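*Asks:* Taken from TrEMBL, the feature transmembrane segment covers 28-53, 65-84, 96-118, 154-178, 184-202, 214-232, 244-260, 280-305, 311-333, 345-366, 372-396. Per TrEMBL, domain 'Major facilitator superfamily (MFS) profile' is recorded for 29-451. Sequence annotations record features per position, and here TrEMBL assigns region 'Disordered' to 425-451. Feature annotation from TrEMBL assigns compositional bias 'Polar residues' to 426-440.
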Amino acid sequence: MPAFLTSRRPTAPAAAAASSPHVSSPGAALAVALLGFFVITLDALVVNVALPVIGQELGGGMTGLQWVLDSYTLMFAALLLFGGTLSDRIGARQGFAAGLLVFVAASAACALAPSLGWLVAARFLQGAGAALMMPASLALIREAFPDPARRARAIAVWSVGGAVASAAGPVLGGFLALSSWRSIFFINLPVGLVALFLLSRIPRSPRQTVPFDWTGQAAAVLGMGALTYGVIEGGAAGFDAPHVLASLGIATAALLAFLLSQARGSHAMLPLDMFRSRPVAVSMSVGFAFTVAFYGLVFLLSLYLQQNRGLSALETGLAFLPMTALVAFTNLLSARIAARYGPKVPIAVGQALMAAGLLAIALAAAEAPTPLLAVLMIPVGLGGSLSIPPMTALLLDSVPAQLAGATSGGLNTCRQLGGAWPSRFSEPSSPTTASRTVSASACWPPSGCWS
C-alpha cells in the first residue's frame, strides 16, 4: 500500500468525520461547488473576447492585455497548492467561504478599475480567491458524497458549472462588451451572493490538527509563481531574456526546495509517493494538456477572429458556441459511460476526439470560412467534457479524504500552468497556425498510458 494512504492520519474526531458524511445538505454543497466552478471558469474565458474593447479604453498594448489574462492565471497557479492544503486544514466549507469573499471583492475592483494597472492588480486578487475556492469545491464534494458511485455522478454535475461557463463565457463576454466591458466582472456579484447563502446551509467542515507546512508552502508559492511568470514573459521577451532566465532559475531552485521539504517533512502538504499512483500522475498530465489545448485555442482564435478577420466580440463569442454548447450534456453523459464501461473508456475516447479536432483545424486551409472553423472546434469541446469528469473522479478515489484538498490543488495547479502556456505564443496569422501551435504544445498523452 502506498505510504500516502497510511500517513498523515487525522486525529480520532477528524477520522470519524472523514469516514462518515457530516454534510447534512449534500445538494447545497454540490450547488455551492458548481457555482464556484462556474465563476472561476467564466472569469478565465469571459475576458478573452473583451480584450480588444478593454485595450481601446485602457490602452496597454498586446503585452498589457496579456497580463489582464495572465495575472489571474499566475496567482491562481501560484496559490492552488496553498489553497488545497488550507482547505484540508481549516475545513472545506471555511476555505471556500474565504476564497469566495476575496473573489467577489476582487470582481468589484475589476469592474471599477480606472486604469489597466488597477485592473491587472485586481485580477491578481481575483486569482487568489479562485485558488482558495477551487480545491475546496472538490473537497466539499468529497465530504458530501462518501460513496464513490454517487461522488462520480456529483463530479459530473459539478463539471456542468465549468461547461456552462465555457459555453456562456465567450458569448456572454461579447454581448456584455457591447455595452461595457465592466459588466463582465459585475456579473460575479449576484452569483457570489447566492453561493454565500447556500454556504450558510452547510455545517462547518472538520478541521485537521496536523501542523502547517510553512516551509513547503513558501517554496511552492515562490516556485509556481516564478515558473508561471517565466512562461508568460518568455512568450513576449524571449526565453533568453535576463529577467526570464532569472525567473526560471528562481522557480527551479524553489521547486527543488519544495520537493526536498516534502520528501523529508513528517507533515508534507503533498506526499510525493502519491505520484507513484498511475491515476494520480496521469490525471495531472491530462489536466495540463487539456488546458493548453482548450484555453489556448480560445485565446488564440479570439485574437485571430477579431484582429485578422474583423469580427466583433459578440460574433467571436458565437463562433465558439457550437464547441461549447454540447459540453454540459456530454459532461453528464460521461458519468453514465464511466459507470458502465469504467473511467478509462471516456478518458481515452475524449483524448482522441480532442486530438482529432485540433488536427482538423491544423489541416484546414488558412482561408477556411468561420462557420467551418466553428464546426471543426466541436470535437475539442466534446473530448474535454468526456474525459475530465471521470478523470477527476478517478483522482479523488485514489487518495484518502484528508488529502482531497491538496490533491485537487495539485491537479488544478497543472491545469493553470497549462492555461499560462498559450500566452507565450505569438499572435496567429491564421487558424491553421493557431491550432498547430496549440497542438504541438499540448503533446496530448496517448490513451495507452492508462493501461
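Note: Cβ is positioned from N, Cα and C throughout, glycine not excepted.
Curation plays no part in TrEMBL annotations; they are all automatic predictions.
In terms of burial and nearby residues, how do these features look in this structure?
*Replies:* Cβ atoms under 8 Å from those of the transmembrane segment (65-84) belong to residues 43-44, 47-48, 51, 54-55, 95, 99, 116, 119-121, 123-128, 130-136, 139, 217, 220-221, 224-225, 227-229, 232, 235-236, 269-270, 299, 405-410, 412-413, 416-417, 419-420, 423 of the same chain, restricted to positions at least 6 beyond its ends.
Listed by sequence, the residues of this chain that lie at least six past the ends of the transmembrane segment (96-118) yet keep a Cβ under 8 A from its Cβ atoms are 32-33, 36, 39-40, 43, 54, 58-60, 64, 68, 83, 86-87, 125-126, 128-134, 136-137, 140, 182-183, 185-186, 188-189, 192-193, 195-196, 199.
Residues of the same chain lying 6 or more positions beyond the ends of the transmembrane segment (154-178) and with a Cβ under 8 Å from any Cβ of it are 26, 30, 33-42, 44-50, 53, 137-138, 141, 144-145, 184, 187, 294, 298, 302, 312-321, 324-325, 327-328, 330-332, 334-335, 381, 385, 388-389, 392-393, 396.
Among residues of the same chain six or more beyond the transmembrane segment (184-202), those with a C-beta under 8 A of the stretch's C-beta atoms are 23-25, 28-29, 31-32, 35-36, 38-39, 42-43, 46-47, 50, 93, 96-97, 100-101, 103-104, 107-108, 110-111, 140, 172-173, 176-177.
With a cut-off of 8 Å between Cβ atoms, the residues of this chain six or more beyond the transmembrane segment (244-260) that come close are 215-216, 219-220, 222-224, 226-227, 229-230, 233-234, 237-238, 272.
Beyond the ends of the transmembrane segment (372-396), by six or more residues, the same chain brings 138, 141-142, 148, 151-152, 155-156, 158-159, 163, 166, 279-280, 283-284, 286-287, 290, 293-294, 297, 301, 319-324, 326-328, 330-331, 333-335, 337-338, 343, 346-358, 360-361, 364, 404, 407-408, 411, 431 to within a C-beta distance below 8 angstroms of the stretch.
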